[in-house]
Every structure is written in structure tokens, then in C-alpha cells.
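Have a look at the structure below before the remarks.
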Protein chains: 4
Amino acid sequence: MCGIFGAYSFSGEDVVKKIYYGLYALQHRGQEGAGIAVSNGKNIYSYKGLGLVSEVFSKEVINSLRGQVGIGHVRYSTTGGTFVENCQPFIVNSTLGNLAIAHNGDILNSHILREELEKQGHIFTSSTDSEVIAHLLVKELLRTGDIIRSIEEVSKKIVGAYSLVILYNNSLIAVRDPYGFKPLCIGKDEKDNYYISSESCGLDVINGELIRDVSPGEIIIINRNGIETYRIEENPGGSTCMFEYVYFARPDSIIDGISVYNVRRRLGKVLAKEEPCEGDLVSPVPDSGVTSAIGYSEELGIPYYEALIKNRYVGRTFILPSQEERDLAVRLKLNPVKPIIEGKRVILIDDSIVRGTTSKRIVNIVRKAGAKEVHLRVGSPRIISPCYYGIDMPTKEELIASSKSLEEIRRYINVDSLGYLSVQGLIRGIGREDLCLACVTGRYPTDVSCKFCCK
Amino acid sequence: MCGIFGAYSFSGEDVVKKIYYGLYALQHRGQEGAGIAVSNGKNIYSYKGLGLVSEVFSKEVINSLRGQVGIGHVRYSTTGGTFVENCQPFIVNSTLGNLAIAHNGDILNSHILREELEKQGHIFTSSTDSEVIAHLLVKELLRTGDIIRSIEEVSKKIVGAYSLVILYNNSLIAVRDPYGFKPLCIGKDEKDNYYISSESCGLDVINGELIRDVSPGEIIIINRNGIETYRIEENPGGSTCMFEYVYFARPDSIIDGISVYNVRRRLGKVLAKEEPCEGDLVSPVPDSGVTSAIGYSEELGIPYYEALIKNRYVGRTFILPSQEERDLAVRLKLNPVKPIIEGKRVILIDDSIVRGTTSKRIVNIVRKAGAKEVHLRVGSPRIISPCYYGIDMPTKEELIASSKSLEEIRRYINVDSLGYLSVQGLIRGIGREDLCLACVTGRYPTDVSCKFCCK
Amino acid sequence: MCGIFGAYSFSGEDVVKKIYYGLYALQHRGQEGAGIAVSNGKNIYSYKGLGLVSEVFSKEVINSLRGQVGIGHVRYSTTGGTFVENCQPFIVNSTLGNLAIAHNGDILNSHILREELEKQGHIFTSSTDSEVIAHLLVKELLRTGDIIRSIEEVSKKIVGAYSLVILYNNSLIAVRDPYGFKPLCIGKDEKDNYYISSESCGLDVINGELIRDVSPGEIIIINRNGIETYRIEENPGGSTCMFEYVYFARPDSIIDGISVYNVRRRLGKVLAKEEPCEGDLVSPVPDSGVTSAIGYSEELGIPYYEALIKNRYVGRTFILPSQEERDLAVRLKLNPVKPIIEGKRVILIDDSIVRGTTSKRIVNIVRKAGAKEVHLRVGSPRIISPCYYGIDMPTKEELIASSKSLEEIRRYINVDSLGYLSVQGLIRGIGREDLCLACVTGRYPTDVSCKFCCK
Amino acid sequence: MCGIFGAYSFSGEDVVKKIYYGLYALQHRGQEGAGIAVSNGKNIYSYKGLGLVSEVFSKEVINSLRGQVGIGHVRYSTTGGTFVENCQPFIVNSTLGNLAIAHNGDILNSHILREELEKQGHIFTSSTDSEVIAHLLVKELLRTGDIIRSIEEVSKKIVGAYSLVILYNNSLIAVRDPYGFKPLCIGKDEKDNYYISSESCGLDVINGELIRDVSPGEIIIINRNGIETYRIEENPGGSTCMFEYVYFARPDSIIDGISVYNVRRRLGKVLAKEEPCEGDLVSPVPDSGVTSAIGYSEELGIPYYEALIKNRYVGRTFILPSQEERDLAVRLKLNPVKPIIEGKRVILIDDSIVRGTTSKRIVNIVRKAGAKEVHLRVGSPRIISPCYYGIDMPTKEELIASSKSLEEIRRYINVDSLGYLSVQGLIRGIGREDLCLACVTGRYPTDVSCKFCCK
Ligand SMILES: Nc1ncnc2c1ncn2[C@@H]1O[C@H](COP(=O)(O)OP(=O)(O)O)[C@@H](O)[C@H]1O
Ligand SMILES: Nc1ncnc2c1ncn2[C@@H]1O[C@H](COP(=O)(O)OP(=O)(O)O)[C@@H](O)[C@H]1O
Ligand SMILES: Nc1ncnc2c1ncn2[C@@H]1O[C@H](COP(=O)(O)OP(=O)(O)O)[C@@H](O)[C@H]1O
Ligand SMILES: Nc1ncnc2c1ncn2[C@@H]1O[C@H](COP(=O)(O)OP(=O)(O)O)[C@@H](O)[C@H]1O
Ligand code: SF4
Ligand code: SF4
Ligand code: SF4
Ligand code: SF4
Ligand SMILES: [Mg+2]
Ligand SMILES: [Mg+2]
Ligand SMILES: [Mg+2]
Ligand SMILES: [Mg+2]
């Protein structure tokens, strides 16, 4: 996934802390690494590291960076391994100009583009798409000398999902791919500072106001000349990732004009209509199931309880015994509230099922806590195909719904009944149709063949 | 506050990881430091440090400790400053025997006892009550040679709140003060390992089963001779801290036979009866207000919404600008979901109000997000007197309810209406009468004069 | 060993950096840990840690400490294990007054004293002699209320070697045991700051001037009333450790009026007279053999060469393969200069032989580098008895000279000839007779029976 | 400067620890950073960091790397700032093959080459010459497909000093520039492992044997086919840096068949003949002056003393007061042995004078210690021109000898007499004529105009 953020101050204010707080609010989009790059008018200075925003940036580091324009990135662990080299923004300090790029999404044909570039003598030091985009951009810049034209040319070559913030000399540029897979929005504050953020919650934290979303295929450039907007020619129509609403984004964000919180509550209500259930209480699998569970409970008039408490100190590192590893991991994270479970028919609500192994473990915990019956309702359709657009998912074989029938899944997870939201219900709940639904339908908005061609 | 944990294996199993996981589950009781002490039959080995359990204990450290009996502690920042010397357990490796002590609570007369000991030539290296208790215990041990009699003697001298786990040679000992201020329970698992834990959630995580709570004034000793129980003579009758139910304990814990989760939900319902309100939605101030808010909403039939989203990555360290510090801190932590607030009459539920400054900031955030009206209902009575039993509270002057009337508080916090739970409602909601209610009534169960005598 | 330092400013200057630099210069006396304690007039503040002075004290730490009187310590690894708890100064912040103690030496009967104190209920948190001395001092202070009388009383009880710096409220006190085992001197600078230092090189670095050495059995107290000196009654006559001159002290120090550098050069000359040798070149085993080798070479007119180069980056931590560990360690540290060794008769000079294993390895390195003959001359007599006064030595069994004859040692080390300095030669070279020579004669200046009594 | 090391095992042994120890022995060539890259047959794995070898590589890191061929680098702080990005080896993992490069020296025209490459779209992530060489190599590899031909082509383009170790797929390659500025040698051990090292002391430490030096203009490739050697066509004749003998290399190394130790001793003797002096003692400025001082003393028959003791714990970080910074730094590092200086005529020997400020401070220290006269003799000629070949030197203006006469320098440094070695004496002392002497003659062996062209 990853989260990106950009800031430009017309008043010449230092934007480093703004970026820092923005990344803080986007931390749920990536906990593996973080980076900030700012331009002081002449050079780009940057700092990146592995870990949470608060771990990467000490007070000293923040105070050592200074600039009135800059970008930032929080990194999620997908391809590329946990190396600081793979942290973003990717920086180019060259005599041709200075460039920093931060990327959210996944370029399907990056390995092909990379190989071509390597054949031309280009050298890569990371395994990020950012670096491939940087190389392509610099190549075009050499030819055209114009950053907007260069971005347009590069976007013709790259296939996939990309929301980008680019720092070019003293300009801040935002790019959202023509499909609009990943969210990206623009905001401003009272002091005439402009911001680009993966989600609107990144604007709230710095007292910014959401202006609007960057449109699919739009390029926005902010510099001393003001704000200009361009459009990448080929515009296939939007297909924004439905999973952002269902799971990934923060509930307090607004994506393309639609409140994530309201979507989740509505999904709970639609689910209740499509897959009602008899039971004594409705409980979420926290945190992702909370809001839908409230909607589900309200729709059916069954009381809402938190039957599972999530340990909020479960971090990325704790010491597991080699055996029973995963079981214990789930138990450390989620603890049942036995007194409200005992002897009850529990209806659990979660946002989605991927492999099914975690769900199975959770159901087991609830059963052991004394539930009479355990029912599971899922706030999204069956995931049957992997995502190629930047959401980290297992291979098709590991997706439980790609091969197993509803009944087989029910038996595997060991619930008394199981119900998924329908694709139509999902679209209704979200309230828009220009969505990517590939992982639940198998129909990909882009050509995905290059994913298989030559790796 | 602090959390304590103990483990004894009759089967000779190594208990270090058990203690580690137990502390993990008790982490909400203290995030400033952690320590583990284990006995390998001859010596006590220990490791302590500042920070979260997962930060203090690396894999290497955990693997380097080994023993079939041991204790652990998580530290909350009260008196004593943030020094590793103040981390517990406090260890005595002496020719008289080995001793480790971990303490939850506050000894009112510890400064007097300490001064007396110093006058006799005793030397202290920390500012913890644990060390005072250790000195007293060793003195009695020298006289009596008997650990139980020594504990009985010491408990006659110390006034205040103390739940203790003690590692003495190869015995594990649990002590709960005669008032039973702080919770303490005993459990076991299938492999005949016994555990002592501040809260029952510490047992769940290691697949242990809650046997029962340690009674006020009870001493339990576990060693190769089995399990024995003793009673400290003077037994004034229990007065368990009501705040454990209201705020401090984890909702999935059971304290003295009563489910914390159920208490909180009931408190919400009682509050709804005592202080009903007209509004469009009920929302908690997360996390402490969540469960009462659900109860409140259910009782009045007003829909439950999460109008404020808590950033779960807000840790102990982040970089704040010198100005507007506190305001920003609250905004980084709690973000409003504007689409559900705008134009609405919002009823906020929180567990308690201490200084009132945070509540004021939160109300301001909700107002700025567009609320038409903001009402606040509080799941506990007005706090009018400081706690002397280990809950970190400001001085009487800083407690907003100690000097201001309801209407004055309402105006300060800037809500349209304000309602507190009554003391009777609190007792009813918790469902027991042997409670400490000192901070909401001013009537302290013990003599508190020594708090003022000579400091 | 350990090194100690104290500073008192009559002009009210901050002395923290002075102590820091003083410890820096005494670093050769201990590399395992360091600590500083200063008094700001009301409390004692301290900071200690494992590692080198430069590693323990960051700029922030140094700037956070402040006081016009203070003491410091560098720790050598002897008994007690590598725990930060064993770092000094040992601090007592009590209602009776504040005390910090740093100790160089070894108290022979500390385990007995400790046991007695434990029987009276005293609790120890470290395994240092400092803590035992602190307990005894506090006990006496309680009785007498007078620090000087207390020190006198304590010194009657403790047997062994002790140079002490004590910070008591706002006084700086220096104590040297009646035997004067360990060096200790007093100095001042132009700004009326007074210093106590283990060696005079600690004064040089802060532009201080050596006033004189603290006499055996002397107590010096410096406070607002000026400087006073007292004498511990029983004065057995000095027996300063000869090994300070031979090996431990820095060559640029002056101990009890005698230059260490001059002693070492003289020892080389006396050795040349006592144990002359035919050869093509004289080479030291660096660094300890350098100065004597120069003297030896000069006396016999055989050219001086550095046949072995010491890697100055060999620190305390490097990764050794499990096998051949020690061999490689020596090779990493000392590398032969083959071109000057090949075909030559090499006379090696070292300061002393303890186990003989390192010497054997070094000789092997020189032989492999092509030496025709290797001769070894040692600048001190055979070590036949362990030291009980603070120099870390192996047990008697491991001392090669305690059981092997000269010829047996020669064969073990594999040299063509071997010669040691005589005890008389040593005394002549040092130029004083009031020396401890116990490790080379077996005659201990104090009763050492308690070392064996009950451990 | 920097130091480089390479290892190839024909027996398939793991070479990581060999490289680690090799770098350990080369540590004097660079203390700012270190890196190792090894090939496991398919990929190149690497680890780099800032600090000393022992700080950068933990046991875990060393154990995590594995390969039978690899290279390493220790970094000296020259251009490029202290960033981990500038640590070497520079790595290229590409579909065309894997490449790692470590470089010692300075490419004069690298900024021009870099700019050209940037104009062709190449992107740089560090400011090292290594990266420029890597780009050029990859470009040639694309054209020719042959690594040797590629190196030959690249060496036609780059002007300056370069000793290189290259890891290409599974081959180890050593390159020394046609002038042979920097040393580079090849060795082997008993187990048929081959090594490349900046200095022969790197071979000693792993029990390797020096085979011979890599010749100026030679390329050596080691892989499963054995060892082959090639010659870069244009061979201008050697001009090895005289400063390697005089100052930089370790005395126990042999460079191009000549022992550094013997050179330094001879330089002392030649200096004694050219610039004799009357005095009571000869003393080095340690460490660099030690060996020449011995030669000087021997030649004139004036006794050799160590009048200045160097604190061996002076590391890269210690806290200096803002005022008097530099003065204190020198005093912390070098302490006079007053008893041997007082009232004496001291002849100091140092290897060279750059700015003169340190010499001035040292002379001041010796004077304050009571010297009657201070004379300075320098084991190399006056430095009048900056080095462009990788030795970090100040600008011409800051070189004291570039503008001041001998008498002016003498007065500035405040010595009673001053004498430098002549250029002829230097050549005689080293014993070869194919030397670079540019910094002492102003005659550069290569065109240096590009250093000034366009920066
Ligand atoms: N601050 C927040 N408050 C509430 N929900 C959040 C917050 N940040 C992220 N989320 C939501 O948390 C969910 C993921 O949490 P959770 O289900 O506990 O983890 P996972 O399922 O990945 O183990 C997502 O739905 C995300 O929208
Ligand atoms: N894992 C958990 N899940 C839910 N609630 C928890 C958990 N751990 C602690 N709590 C509750 O969280 C509340 C404190 O959180 P919160 O209100 O967010 O912090 P604060 O009010 O201290 O800023 C307490 O009521 C405590 O019982
Ligand atoms: N700064 C210094 N300069 C020269 N010698 C020193 C210095 N500091 C300590 N010494 C001397 O170094 C010797 C110890 O070094 P060395 O022989 O290399 O180590 P060891 O024998 O302990 O392995 C001692 O004789 C000590 O006096
Ligand atoms: N292990 C070693 N033993 C002796 N000399 C060394 C060693 N390593 C490097 N040197 C020499 O030390 C000299 C540099 O040390 P020094 O003069 O103390 O430092 P600087 O002059 O850079 O402050 C060089 O001449 C180098 O050849
Ligand atoms: S495939 Fe699924 S997860 Fe991926 S972008 Fe499309 S909807 Fe989102
Ligand atoms: S005073 Fe209040 S917080 Fe303290 S123990 Fe009593 S009820 Fe609990
Ligand atoms: S026994 Fe030896 S080492 Fe110990 S104090 Fe006496 S002379 Fe020094
Ligand atoms: S200019 Fe001087 S320092 Fe540089 S390479 Fe030539 S001789 Fe060496
Ligand atoms: Mg989830
Ligand atoms: Mg709260
Ligand atoms: Mg030695
Ligand atoms: Mg030097």
C-alpha cells in the first residue's frame, strides 16, 4: 500500500513538521519505513529509515531538515525486502535538476521497463517502482526539458496503479493514474500552504481543509507560478480500489467525496439485509469489523457487543515460541470477553477473509470462551483473484475462496453459518460504480499479462 | 498503577516466556518500564529496562533468563522519575536468601518508614516502595527466619495499597493488602503451572484459567510443598478501587468475580437513566468511553456512532512544536469523522473528567467538525479528592470538580449539557459495595494523615 | 584496577567537564564502565554506564549534569560481572545526607563485612566494595555525625587496598589506605579548582598542576572551609604496588614523586645489566614493553627496532571464530614486521609474564616471521603469587612461574633464552623500598587469611 | 584514502570472515565507514555502515552474509559527506549481471563523466567515484559483453588514481591504475584462497602470504577458470604516492617490494645527515614520527625518548568545550612526560607538516613542560601543492609551506630550529624513483586541469 504526502508553502513557511504530522496520520498505510525529502531551493535533503514515523525521525533529524516544499512516504512491506534502500522518496540530485519521488501503487510492467533501462546501461540501487519511474522521468526530461510533458510520456509507458508526489526543483507535483486506483487528495490551510495526501485524514491533523480529490489521470503542479492542472490523455475511466473503503483507509477519511465511515456502516446494513442471522449479539472482529458490525447490529436490532478485545500494544516485534507460533500470535492480539460470550449465539462481523487461517483461529477462540453458536458475516465478497495494484495479497492458490465453496469455507473456519456480501451489495454500499473489483470478480481493469510474461 | 505477574511451575517447566506474555497482556497498566526476575534454584536473575515490554526484552534477553519460578512487573510513571533504578522487581541477592519484589499500589507511610530505616543505617538506591518493603522484610526475616510471619509483621507497619508478588528463594508469594485496593488473581494452566496476575486477562493470554481472586488480606505461598494460604490478621473489610472497573482495567478482565466489560456497559445504562439526553447520535471518546457509550445508546435507543477516530500509532514520543503543543497532541490522537458530525446533536460519553482540559479540547474538535450541539455524559461521579492509593492524579486544586460547580464545569468545557453518574449509580453499576470511592466522596478508607505530616 | 577522579571548585565553576576529561586521561585504568556524580548543593546527580568514557557520556548527558563538586570513576572488569549496577560511583541520597563513593583497590574482608551487615538487615544491590564502604560509612555517620571520624572508624574495619574519592554533601574527600597500595594525588589549576586523581596524567589534561601525592593513611577534605588533612591512626608504613610502575600506570604519570617513564627506562637498563643478551636487535612487545626496551637497547648498544606492530583499532569487541580463537586474537593485535625480523636474532622485551600463553603466541609469530633466534627479557621478576589488592590476576595455579622453573618456562614459551629482572633489580629500578612486592615474593603486607576463610 | 580488500576461495570456503579480518587490518586507511559485498553464486549480498569495522559488523550481520567470493572497503572521510549512501562497495544487481565495486583513489574527471552520464539519463544515488565507474562499466558491458575489455575501455576514460576490487558475477577482479598511485597486492593462504589487499598487512592477519604487488596498469581476474592477468594498454610508467611510505601505510606493510618500516627508519637517518641537530634527546611526535625518530637518534647517537604520550582512547567522538576547542583536543591526545623534558634540548621528529597548526600546538606543549630548546625535524619535504589523487589535503592557501619561507614557518611554529628532508633525500630514503612527488614538487604526473574546469 504505502501512503504519500506533499506540502508547498506559498508563504515560505517551513513545511517539514507538516509532512511529519501528515505521515503520522497516514501511518496505518505503512509501518515498515518512512522518509521525507525537502528542497531548500537549491538541493534536496532527505532522511529515510526503517520503522514507524516516530522511530525514524528524531527531533534532531526533523530540525535538521528545512524547506518550503517537500514530500514524504510511509512504506508498507510488499516486494523488495526490508532494506532501507527500498524506503522512499527516491532522490536524484543531478546537474539536470533535483528530483524526489514517492509512490503508492504497483507498476505491473516495471520489471520489463527496468530490464530495458538496464540494457541501456542504467543502474538501479533499489527494487522500488519509484526508481524505475525516476529513471524514465529523467530520460524524458533530457529529451523534452519539460516536466509535465515528461510525466505524460512516462505515464504512457507504465501500466498499473500509481499515485505519486514528485518534488522537482522547487515544484510540488501530484499525479494520479488514469484509473484512479489509489486515493489522492489536495488541501490547504489558513496560511496558504497547500498539501497533497493519500487520504483526507492527513489534512485534518495539520488543520488543513480538503479542497478536492485529484482526478484519475490528473497532474497537478504547484510552484511559485501558482497551481496548474493537466490531464494525461488516455483516460479509461476510473476504477478506484474498493478495498480502500472496505479495509485499508482510515474510517475518518473521505475518498472521492464519499466518507469511508459511512460506507462501512452502510456495508453492515446491506450485509444485514442480504445475510441476516439469528443470534444473541453482534460483535466485530476488531478493528476492521467494528463499523460494519455497528451497522449490522442496528439493522437487525440485535445488541452490539465487543466480544473480542484487541491488545493495543501488539507491535511488530514480539518473541514467539517456535511452535504454536501463529496461534499464540492471534491470542496475544485478540482476547475474548468470556462473560458476554458464554452460552450465547455470537454473530461475528469481519471486513474480509483472505486465507481463512486467522478467521479459523478467531472462531476457535470464541468457541473456547463458551459460545453456543458462532456465525460469521463478511462485509465484502469472496476474494477469488490476487491484486496486482499494490495490495499485498497471497497467490491465488492461498486465497481460500478461489477454490473452496461457501460450504467448504464454512466448515474450514468452523462456523455455524457463514455469509458474504454480494458484489452488487458492495457497489450499493460504497455508492459508486467506477470501482476496481478485480479481486472479487477476476476482471482486471488493465492488461495484466505482463505480470506473467518473463519473471 | 503498575501491573504484576508471577509464575510457578510444578512440572519444572521454564516460566520466563509465560511471564513475558503475561506482562504483555498487562501492558495497559504501565508503559514506562518492565522487569522480570526468575530463580534458577540458587540465584535470582533479573532484567529490567525503560520502555514497553517488547522494547525492554529482546529475544536474547528472554533466552538468557531461565527458571521455574519468577515474577514480573510493568511500570507506570508515578513518583520517582524515569530512571531504570526505579524499575521493578527490586532484587536482593544476599547470604540470607534471595528475594525479589514487585509492587502495585502506593504505601502512604513509606517516606516515614524509609526515614526510620535510614536512621538505622539502611541505604536506598531507588525511590520505590518495593525497596522499602524489601528492607522491612529482610529485617523481619533476620528476626523470625520465617517468610510468612515476616510478611504479616511488615503488613502491620505499612499503610496503603499493595498487591505484591514476591520471589523468595524458590517460593512464589502473592499478597493483597487487607483493603483489597488493587486487583490480584490466581490461575493455572493444563500443565500444572500456577500464575498470579494483576488482572485475569494476563491469564488468558497463556491459556491459563482463572481460579479465583486473592482475597483482601490474603497471603498465598506456592512452592514445592504445594500451595498454602494465610490471612493477615487485621481485616478492615474490602474497599477495592472503583476506578479499576471504570477506567483502568482491561474490559476483558474479571475483577473479584465481576466482568469489567459488563460493568462498563451497565454504567452506560445507569447513566442513561440518571442523565438522559436528546440527540442524534451517541459517540464515545475512545477508547475509555466506548463500552459505556454502547450501553447508553442501547438504553435510550439513540444510534451509536464513532464520531472520533483514535490514531493508534500515537506513542509516547512524538515531536511537538513548542507552541500549541497540547492542542496538536489531542488533534494527532483524535480525529473527527466530519460527515457524521456535521449538523448533528452529538452526545459524547467519556469515563471520567479529571482536569477538564482534554475534554475541553475534544469538545472543541467536535464543534469545529460542524456539530449543532455537543452534550457530554460522564460514566463516573465528579472527582473531588486526590487518590493516595496509587492512581496518578493531580492535586486537589487541579481537579476541576473539586472547586467548580456543575454549571461552571459545563461552561468551561463548553458543552450544551453535562451530566455525571451519581455515586449510588456507580455502586449499582459495578454491583458491589465494598469499594473505595475516596476520590469521588472524599472519604478515605485508611488514615491518610501521614501523606501530609513531614514531606 | 579502576581509576578515580574528584573535583572541587572554590570559584563555583561547573566541574563536570573537568571530571569528564580527567576520566578520559585515566581511561587506561578501566574500559568497562564509567560514572560521574556531582552535587548541586542539594542533591547528588549521577550518570553511569558500561563502555568507554566517550561511549557512556553523550553531549546531552554531560550538559545535563551540573555542580561545583563531584567525583568520577572508570571501571576495570574484576569481580562482579559486567552489569551497570556494578558501575561506580555508588550513590546514597538519604535524609541523613548525600553520599557518593568511588573506589580503586580491593577490600579483602568485604564479604565478611557484607555478611555482617546483611545479618543486621542491610540490603545490597551491587557486588562492589564501594557499596560495603557506603553502608559502613552511613552506619558510623549515624553514630558520630562526623564524616572524618566515620572514615577513620571504617578504615579500622576494612582490610586491603583503597584509594577513595567521596562526595559528602558539598565536600570532596580523598582517602588513601594506610599502606598506600594504589596511587592518589592532588592538584589544582589556575582558577582555584582542586582535583584528586588516581594518576597525575589526569591533572595534566585539564591544565592542572600536581601539588603532591595523598600520603598513605591520609584523609583530605575539601569544602567551603578550605582544605584540611587528617591521618588514619594505625600507619603500617607504605607498600605501594610495584606493578603500577611496571605496567599499569601511564608512562607520563608521576607516582609518589617518581616518574613512571623514568622507572621503565631504568628497569630496561638494570635488566640489561642483570640479563644481557647477544642479538641483532632489541624489540619491545608493544605497548607495555616499549620503554624498557629502549633502556635495554641503549644500555647494551644493540639497535632498537619495532618488530611487532600493534593494531590500534583492536577494541573490546570483535568477532572471533570459535576455533583458534585466541591465536587469531593475538595475530589481529600484533603483526610482525617481517623484513626486519628475517634471519635476525631478536631480543624481545616485555614488562611481565603472567600465564605465559600470550608470550608463547607472540614468540611463535616472531619465529614464523623468520627470526633466527628469539630471546625474551622480562622487566619484572617472576610472578609467583596472586594479587589480593585489586590487580586482576589468575589463580596461583595458572601463574606460570608459580610452579615451573626458569628452564621449564623457557621451553614452554619456546625462546632461545629467557631472563627476568631480580627483585633487587626491580627495587633499584623503581628507586624506592616502600613497595608491595607480594606477587613476586609471596610476602603480603596485610593479613590475607580472610580471602580464604568462608567463601 | 580508503582501503580495499577482496577474497576468492577455490575450495569453496566461505570468505566473509576473511574479508572482515582483512578490513580490520586495513582500518588505519579509513575509519568512517565499512562495507562488505559477497556473491553466493546468484546474487550479491552486502552490508555497509558508518563507523569502525567492529561497529558496523555485528556477529549477526557477519553470520548472515555468505559467499566464496567477495570484496570489502573501509572508508576515509573525503568528499561526499558522512552518509551511509557514500559507503562502498557500490552494488549493481541487474539482469545483466551483478557487480560490486570498491575504490581507493580519486578520479579527477569524475564530475565531467558524471555530468555526461546524467545527460544520457543516468541517475546517481551517491557522490562516490565508485558509482561513476560502475555506470561506465555497465555501459561498456552492454556494448562488449566482456568484463576485461570493458575495464580497459573505462580506464581510457578515467583520469586519476584508482586501485579497484570488483566483484562481477562470480569473479574477483583487481585493477591498479597505470600510474600505480595507490598500493595493491595479491596473496594466498594454505587453503588455496586468494586475496587482494590495499596493503600486505591485510594478508598477514589471515595467515596469507604476499605473492606480489599488482603492477601499475594491471588487471587480474580470478574465477573458476583460474587466475588471469591483463594489461591496460597506455602505460605511462609508475608514480606511486610517496606519502604511502612516509605516513599513510602501516609500518608493517611492504609496498612494491619495499618495507614501509625500513623506509621510515632510513628517512630518519637521511634526515639526520641532511639536517643534524644538537640536543639532549630525540623524541617522535607519536605515532607517525616514531620510526623516523629512532633512525634519527641512531644516526646521531643522541638518546631516543618518548617525550609525548598519546592517549590511545582518543576516538572520533568526544565532547569539546566550544572555546579553546582545538587546543584541548591536542592536549587530550598528546601529554608531555615532564620529567624527561624539563631543562632539556628536545629534538622532535614528525613525518610531515601540513597546516602547521598542530605542530605549533605540540611545540607549545613541550615548551610548557619545561624544555630548554625545541627543535623540529620533518621526515619529508615541504608540502607546497595539494594532492588530487585521493589524499585529503587542504587547499594550497592553507598549506603552510606553499607561501611561507623556512624561517617564517620556524617562527610560526615557534621552534629554535627547523629542518625538512630534501626531495632527493626522500627518494633515496624510499629507494625507488617511480614515485608521485606532486605535493612536494608541484609536478603532477597526470593532467590535472579538469579539477578546475567546471565545478
Ligand atoms: N486509527 C484508527 N482507528 C480505527 N480504525 C483504524 C484506525 N487506523 C486504521 N484503522 C482501521 O483498522 C483496520 C485494520 O485493523 P485490524 O483489523 O485490527 O488489523 P488487521 O485486520 O490488519 O489485523 C482497517 O480497517 C483500518 O481502516
Ligand atoms: N486492549 C484494549 N482494548 C480496549 N480497551 C482497552 C484496552 N486496553 C486498555 N483499554 C482501555 O482503554 C482505556 C484507556 O484508553 P484511552 O481512553 O484511549 O486513553 P486515555 O483516556 O488514557 O488517553 C481504559 O479504559 C482501558 O480500560
Ligand atoms: N597512552 C599510552 N601511551 C603509552 N602507553 C600507554 C598508554 N596508556 C597505557 N599505556 C601503557 O600500555 C601498557 C598496556 O598496553 P599493552 O601492553 O599494549 O596491553 P596489554 O599488555 O594489556 O595487552 C601499559 O604498560 C600502560 O602503562
Ligand atoms: N598499528 C599501527 N602501529 C603503528 N603505527 C601505525 C599503526 N597504524 C597506523 N600507524 C601509523 O600511524 C601514523 C598516524 O598516526 P598519528 O601520527 O598518531 O596520527 P595523526 O598524525 O594522523 O594524528 C601513520 O604514520 C601510520 O602509518
Ligand atoms: S484488485 Fe482488489 S485490492 Fe486490488 S485494486 Fe482492485 S479492488 Fe483493490
Ligand atoms: S481514591 Fe479513587 S482512584 Fe484511588 S483507590 Fe480509591 S477509588 Fe480508586
Ligand atoms: S601483589 Fe603485586 S600487583 Fe598486587 S598490589 Fe602487590 S605488587 Fe601490586
Ligand atoms: S600528490 Fe602527494 S599525496 Fe598525492 S599521490 Fe602524489 S605524492 Fe601522494
Ligand atoms: Mg482485521
Ligand atoms: Mg480516555
Ligand atoms: Mg602488554
Ligand atoms: Mg601524526
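Cβ coordinates are placed from backbone N, Cα and C, and glycine is handled just like the others.
Whatever TrEMBL says is automated annotation, not expert-curated.
The domain 'Glutamine amidotransferase type-2' annotation in TrEMBL covers C:2-225. Confidence across the domain 'Glutamine amidotransferase type-2' (C:2-225), taken as the mean pLDDT and rounded to a whole number, stands at 92.
The feature active site, nucleophile is assigned by TrEMBL to C:CYS2. C:CYS2 (active site, nucleophile) carries neither a helix nor a strand DSSP state and counts as coil.
Under the three-state DSSP scheme, C:CYS241 ([4Fe-4S] cluster binding site) falls in the strand class. Residues annotated as [4Fe-4S] cluster binding site in TrEMBL: C:CYS241, C:CYS387, C:CYS436, C:CYS439.
Residue environment of C:ASP350 (Mg(2+) binding site) contains 21 other Cβ atoms, counted within 10 Å of its Cβ in all protein chains. For the recorded site, C:ASP350 (Mg(2+) binding site), the DSSP three-state label reads strand. The Mg(2+) binding site annotation in TrEMBL covers C:SER288, C:ASP350, C:ASP351.
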Whole-number Å only: compute the distance from the Cα of C:CYS439 ([4Fe-4S] cluster binding site) to the Cα of C:CYS2 (active site, nucleophile).
19
Quick one: give me the count of other CB atoms within 10 A of the CB of C:CYS387 ([4Fe-4S] cluster binding site).
18
Note: in the chain of C:CYS241 ([4Fe-4S] cluster binding site), residues six or more apart in sequence with C-beta under 8 angstroms of its C-beta are C:ALA161, C:PHE181, C:LYS182, C:PHE248, C:TYR389, C:ILE391, C:LEU435, C:CYS436
Which binding-site residues from the list C:CYS241, C:SER288, C:CYS387, C:CYS436 come close to ligand 3, meaning a Cβ under 6 Å from one of its atoms?
C:SER288
Excluding near sequence neighbours, so keeping only residues 6 or more apart in the same chain, what lies with its CB under 8 A of C:ASP351 (Mg(2+) binding site)?
C:VAL246, C:TYR247, C:ARG264, C:SER288, C:GLY289, C:SER292, C:VAL378, C:GLY379, C:SER380
Give me the Cα-Cα distance between C:CYS2 (active site, nucleophile) and C:CYS387 ([4Fe-4S] cluster binding site), rounded to a whole Å.
15
Using Cα coordinates, what distance in whole Å links C:ASP350 (Mg(2+) binding site) and C:CYS387 ([4Fe-4S] cluster binding site)?
20
Counting across all protein chains, other CB atoms within 10 angstroms of the CB of C:CYS2 (active site, nucleophile) number 26
C:CYS436 ([4Fe-4S] cluster binding site) in three-state DSSP notation
strand
Have a look around C:SER288 (Mg(2+) binding site) and count the other CB atoms within 10 A of its CB, chains all included.
19
Should C:SER288 (Mg(2+) binding site) be counted as helix, strand, or coil on the basis of DSSP?
coil
Around ligand 11, within a Cβ distance of under 6 Å, which of the recorded positions C:CYS2, C:CYS241, C:SER288, C:CYS387, C:CYS436, C:CYS439 show up?
C:SER288
Suppose we screen the binding-site residues C:CYS241, C:SER288, C:ASP350, C:ASP351 by Cβ distance to ligand 7 with a cut-off under 6 Å; which survive, in sequence order?
C:CYS241
C-beta crowding around C:CYS436 ([4Fe-4S] cluster binding site), within 10 angstroms
26
